[in-house]
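Report on one structure; see the data block that follows.
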Amino acid sequence: MSAKEVRFGTDARGRMLKGINTLADTVKITLGPKGRNVILDTSYGAPRITKDGVTVAREIELSDRFENVGAQMVKEVASRTNEEAGDGTTTATVLAQAIAKEGMKAVAAGMNPMDLKRGIDRAVAIVIAEIRSMSRPVGDSAEIAKVGALSANGEAAIGRQIADAMAKVGTAGVIKVENKGLETETEVVEGMQFDRGYLSPYFITHAQKMVVELDDCAILLHEGKLTSLASMVPLLEAVVQAEKQLLVVAEDVEGEALTTLVVNKLRGGLKVAAAKAPGFGDGRAAMLEDLAVLTGAHLISAELGTKLETVTLDMLGFAKKVVLTKDSTILIDSAGDKAAIASRIGQIRNQIEDTTSAYNKEKLQERLARLAGGVAVIRVGGATEIEVKERRDRVEDTLNATRAAVQEGVVPGGGAALIHAGKALAGLKGDNPDQDAGIKIIRRAIQAPLRQIADNAGIDGSVVAGKVIENDSATFGFDAQLETYGDMLQAGIIDPTKVVRIALEDAASIAGLLITTEVIIAHKPERGERMSQMDEMGGMM
């Protein structure tokens, strides 16, 4: 085991806080309509320009191991918020920094960290309850477009494209974002999404996004388990000869079969991925039949008398693009016969009418939505590759924000909801003075996003926060784009309730862990690493 370095108490927290500030100060300059861009150097290709908080956070790795612990913990806030809400990562980072900074000051002043955390948790619960009570449902497509425009830093065209895509496939429909040429456009294609992802991370083709993307893809559908691919070798060779990529969908793919596919992918002989079939029992068989109709495949099943050794290339289904995450698979522009798909849809509709079971009806309606809904594809354009990448980041953030708004409604935006929800903490007391201090930490910290939005617009954040707090209206706030005060809802400045809620929950959770940390244990650099660090320091002098 390699040697470790240990830091205690104030020294440990001080080093962590320095790392927290380095990461948060880098990320928070992107917040709000007048937030600035960050340029990321890449190991290959052109630099990347972005205003996406989680993208910036993921790039930060500090050389000091103890500072890096703090930075990585706050990076976890951004990642968790992005995973749960899809947006609000910069807000979560700003909140985490504010809570951690105030909390560590209180610990340094001799307060009990555990009581501070109890006070923080109590205050957060009340603020979130208040945010929920302020929330109102999203109305029509125009309001969805407003949410989108705000998330896209005021670019109304992006908001309209998201609203248009949702109008075509439904608010719960599948919407995929891709790169294109000069113009951004939206198209609905035949496709389906199901809730099973890749069976091995070795199939991943885009490490940064942790996804598998297969183009011009052949699809093998198998009803049973695959444990060996010996009988499939001629088929695999035929797929390679046809210059196709391959998706294998089966009840399970394990043992030698999974190993064979992974090795083929890693050696570059065949671009391939495997996923479990969706559903359970009879539902799985029905879903596989839906997939077969949609992709034009023959379902390989002992009941149907088809065996792996007899499968030929023309028995596989096809899709122009397949995208797999760890949790889902999307088939885009699949090659099934339109008449067969329409017939299958009619069959499912008849089953919905005939069934008396509420559970069966729900499952049939899910299948119908998957088959009939299609996939909306937003193709993002721009004059240069750098512009396309930056624009795609914003479109993906916008899509996530609008989905969140549809799920839980919206609240006044621009940091106003947190400020007004914080008024519910007036008069709240803990069980002791240290818990009271934890409550005060949250009262101050929830002002941080509004302050930062104002600072990024070149206006004193303290003055702006003070004016918003003084106003009794729960919808009163600051429009950083126009540098005016007014009703946020009337101005169309709204945030998804889910994004605000999760940003605060995740920030308070991680900051609470940081405040209650007393010891950090880190890997001690080897001699070569120490010499390298000394050389870097020498070069800076």
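Yeah, the Cβs are placed from backbone N, Cα and C, and that goes for glycine too.
Annotated features in Swiss-Prot:
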| type | residues | note |
| --- | --- | --- |
| BINDING | THR30, LEU31, GLY32, PRO33, LYS51, ASP87, GLY88, THR89, THR90, THR91, GLY414, ASP495 | ATP binding site |
Candidate with the highest Cβ count within 10 Å, taken from the binding-site residues GLY32, GLY88, GLY414: GLY88
Cβ neighbour count (within 10 Å, all chains shown) around THR90 (ATP binding site): 28
Under 8 Å by Cβ from THR30 (ATP binding site), counting only residues of that chain that are 6 or more apart: ARG36, ASN37, VAL38, THR50, LYS51, ASP52, GLY53, VAL56, THR90
Site extent for ATP, whole Å (max Cα pair distance, THR30, LEU31, GLY32, PRO33, LYS51, ASP87, GLY88, THR89, THR90, THR91, GLY414, ASP495): 17
Coarse DSSP state, helix versus strand versus coil, of THR90 (ATP binding site): helix
